[in-house]
Amino acid sequence: MILLDILLPDRNGLELLKLIVEKSKQEHSPIIVMSSEDTKENQLSAYRSGAMDYIAKPIDQELIIALIENRFQIKQQWEQLTIIDELTGVYNRKHFNRMMKHLIADFHRSGRVFTIVIIDIDYFKKVNDTYGHLVGDEVLRRCADTIVNNMRHEDTLCRYGGEEFALLLPNTDKNQALEVLERIHHAISSYIFSFKDQQLQVTFTAGVTNIHSDNAHSEKLFEEADQALYVGKQSGRNQTVLFSTEVISKHNEQRLNIIVVDDDRLIRKIIMSEFTKWQPNRNIVVSIKEYDNGTDFLQSDWYSEQEKYIILLDGIMPETDGVEVLKRIRYEYPESNIVVAMLTGRSNQTDIIHALQLGADDYIVKPFQMSELVSRVERLVQKICRK
């Protein structure tokens, strides 16, 4: 709040008012103009320049105290309106950014640590699409209330945007933050939403980091928590991930599975021997597995959506033919992380075209040189793995 006299030793207070009014609006600080020259012209000029009140001197002490208290209450109401999320009633991103700056400054000054948590409601888009936005809004409100009821009084919850919340925990390391999050996780996941004749339960994924000398900047801190959140979402959701360079590095490693499906034992042995020691020049962890028939392969639990696959598939096998296996692969699994190379004695052009039309990525005619197979696999790695 600013109390401004019109009669100043070095300038006219109304001129100063014009210079400071925009800044005062940004800070929601009301300006009260005072003057012993109580003229209509001064009053009009003060109000038109942005003053909230005009008081004539001499000032009644009881009156000015009551006025200041009143204007402070209005200022607090203004500030609340600008920092509260209308839907959930918790703080918004603006307040989150302000609190982050305050906590970082406190860390530089006193060394007091704090932890930041980014919380994302799992599959929230599906909730909106299935039950409608009114139900989605109620889920967000209930989740916000549940977090507030299970966090500590010194913690700050903000709705960062959409289904994402940010939680600031002062004087808290990552292990202490985990205790708070475990309590919140249990409360949210066990709550049953009832809408007409339907019931719904939700979970969340959280990314966590805490401040230290190497990340004491708001953008860096948020980036770390967001990276940890991303790892949690990519690893199945409904979990909390603590940020560390090791966790991020391990997640960035791509897992490549080479699967050999061939009824010829000798060919399997040669391929397994070659690729057991093979390592592409990338951040890729390679594993290799063999099957002697298509039926066992299809019935096995071979697929994980987080991993990549190169399937070396024999075209001619007993029971389930390689072409049938190829059809099942392309029908039942996403094409984005599976490539298939046919290994077959069928050299007929029609057979080759048919296999490629069914979704084969390569076609290698037996007998082949192992160097040729390795070269083909390396090209397939280029296709399926991130550069």
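Each residue's number is its place along the chain shown, starting with 1.
Backbone N, Cα and C atoms are what each Cβ position is placed from, and that goes for glycine too.
TrEMBL labels come from automatic prediction, so no person has curated them.
Features of the protein shown, as given by TrEMBL:
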DOMAIN    1-72  domain 'Response regulatory'
MOD_RES   ASP5  4-aspartylphosphate
DOMAIN    112-245  domain 'GGDEF'
DOMAIN    257-381  domain 'Response regulatory'
MOD_RES   ASP314  4-aspartylphosphate
Round to the nearest Å and give the CA-to-CA distance linking ASP314 (4-aspartylphosphate) with ASP5 (4-aspartylphosphate). 92
So, in DSSP terms, is ASP5 (4-aspartylphosphate) helix, strand, or coil? strand
What's the number of neighbouring CB atoms sitting within 10 A of the CB on ASP5 (4-aspartylphosphate)? 13
